[in-house]
Amino acid sequence: MGHQSKIPVWLEWWFFGCQVLGAFFAGWYNDKFGRKSSLAISCIITIIGNTVAITAPVGHPINLVMAKCVIGIGIGILVSTCPVYLSELMSPTLRGIGSMGINFSICFGQWIGSLIYFGCSKNYTGIDDSTGYKIAFGIQYLLVGGYLLLFWFMPESPSYLIHRGKLEEAKAAIKKLYHNKNNTEYDIDSHYEILIKEVEEEKMNAESEKEVSYAELFKATNLKRVVLSIFALTGQLWVGVSFVLTYISYFFELAGVSSSIEKTVGMFTLCVGGNLVSYFVIERVDRRVLYIGGVALCTIMNLLIACVSYGSSQAAAYTTVVFVFLWAFIYEATVGPLTYALITELPQGRMRAKSVAITSNVNSLCSFGLGYLIPYLFNPDEVNMGARIMFVWTGTGVVLFVVMLFFLPETRGRTANEIEQLFVNKVGALKFKRAKFDEDDKLIMSSVGKEVSQA
């Protein structure tokens with residue numbers, strides 16, 4: 001085996017820094033120039049990074065890390081823009097379904113990646129490492145290229161256009177999305193009026209008429225909404241996703257499971273299936289039930305996996321596989337996709353882009369730290385916890401369950417205008433569901449146990 005250069009830790013920090021930079025850029029750009037072109041920029045940057053990775057000379061890891069940094073900027077823009085853009089293309093009461101698209105994309109990408117890995121390992125046994133990763137990078141040309149082709153036919157976010165005062169363009173965008181020969185009954189005017197009311201309510205509660213700044217996110221009720229969004233997104237890490245979906249092949253190998261690659265492909269196939277199930281339940285089941293219930297079930301699976309790990313038989317190993325498969329399906333049907341609905345529904349509409357950027361960066365920071373902590377705890381030559389590392393995620397899952405049980409509000413079926421009024425009036429999380437609104441879409445204070453203030 002030839003000499004392999006060690007990649008310095010500080011270069012990994014570059015990748016993380018580039019991802020954070022991309023997210024902050026997206027938060028500013030999305031509010032200034034729109035969501036549609038922001039995604040196009042992300043795709044172009046990703047193409048540049050892929051090209052650098054594929055053409056990098058073998059034996060020069062610095063070039064690969066630099067390519068990773070370029071891609072990091074693109075990823076930062078993507079994860080901060082996609083949930084916002086997709087949610088705002090949906091009708092106001094169905095934003096959750098749209099925002100979940102990014103989780104399906106991630107899940108589908110992981111599944112494709114596992115299939116590529118499986119196919120190369122079976123059909124090209126003599127394949128070298130450089131060819132393997134070049135195939136993986138090359139596939140991305142098809143995905144980002146597809147969006148760039150669709151770019152010219154995609155509408156801009158109607159919500160963004162209304163916030164920028166481009167009312168006629170907003171109405172045209174809604175019509176482009178929902179009015180066609182097969183759907184002539186959609187109430188475009190009602191959709192438009194809901195968005196107008198959303199903007200008017202937010203302007204009334206805004207501290208100033210200036211452009212939204214990141215500092216405004218940390219004032220008054222906005223801070224609470226950002227913190228809840230951060231808990232919702234990092235909740236994916238709290239239940240163990242950074243271990244299960246990242247190290248699963250290595251975990252299966254150490255557990256003595258035969259055909260570990262096939263098991264990994266099977267798990268990611270289940271993930272796709274769970275994600276598809278989530279689309280059927282997202283608007284039929286309350287957000288709190290899905291998220292908190294998903295956290296509880298994943299935490300139970302974590303505990304079972306950790307307990308079974310004390311066994312050394314083949315039966316114990318395959319029992320672990322079953323629990324991991326159950327965890328993957330439950331996670332992708334509940335916590336995984338629902339997170340993206342929550343981080344777009346909880347913030348104020350005018351601050352949605354910057355809130356998602358901040359939330360994504362905190363999540364990236366936590367993921368980066370876990371990238372160093374997990375191998376240290378798991379590897380046989382370090383702490384050697386093995387599968388008992390799942391006790392860690394059991395503990396964090398319990399904490400997340402308690403926090404969300406008392407502080408996560410119910411947002412299913414609520415418009416942004418209604419959610420705005422509930423937060424501004426400091427309605428408790430457990431009272432969101434019972435809230436009623438009058439014919440003018442104003443909160444009926446008595447429905448949430450509050451007195452009507454006297455003028």
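Cβ coordinates are placed from backbone N, Cα and C, and glycine is handled just like the others.
Automatic prediction, not curation, is the source of TrEMBL annotations.
Quantities reported herein were computed from a predicted structural model and do not represent experimental measurements.
Pulled from TrEMBL:
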DOMAIN    1-412  domain 'Major facilitator superfamily (MFS) profile'
TRANSMEM  13-30  transmembrane segment
TRANSMEM  39-59  transmembrane segment
TRANSMEM  65-86  transmembrane segment
TRANSMEM  98-119  transmembrane segment
TRANSMEM  131-154  transmembrane segment
COILED    167-216  coiled coil
TRANSMEM  226-252  transmembrane segment
TRANSMEM  264-282  transmembrane segment
TRANSMEM  289-311  transmembrane segment
TRANSMEM  317-343  transmembrane segment
TRANSMEM  355-378  transmembrane segment
TRANSMEM  390-408  transmembrane segment
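Mean pLDDT, taken over the domain 'Major facilitator superfamily (MFS) profile' (1-412), works out to 85 on the 0 to 100 scale. The recorded stretches the transmembrane segment (98-119) and the transmembrane segment (264-282) share 3+ CB pairs below 8 A when only pairs 6 or more apart in sequence are counted, and are therefore in contact. With a cut-off of 8 Å between Cβ atoms, the residues of this chain six or more beyond the transmembrane segment (13-30) that come close are 38, 41-42, 45, 65-66, 68-70, 72-81, 84, 160, 214, 353-354, 356-358, 360-361, 364-365, 368.
Using a cut-off of 8 Å between Cβ atoms, the transmembrane segment (131-154) and the transmembrane segment (39-59) share at least three residue pairs, counting only pairs 6 or more apart in sequence. Highest Cβ contact count with the transmembrane segment (264-282) among the listed stretches 65-86, 226-252, 317-343, 355-378 falls to 317-343 (criterion: pairs under 8 Å).
Of the candidate ranges 226-252, 317-343, 355-378, 355-378 has the most C-beta pairs within less than 8 angstroms of the transmembrane segment (65-86).
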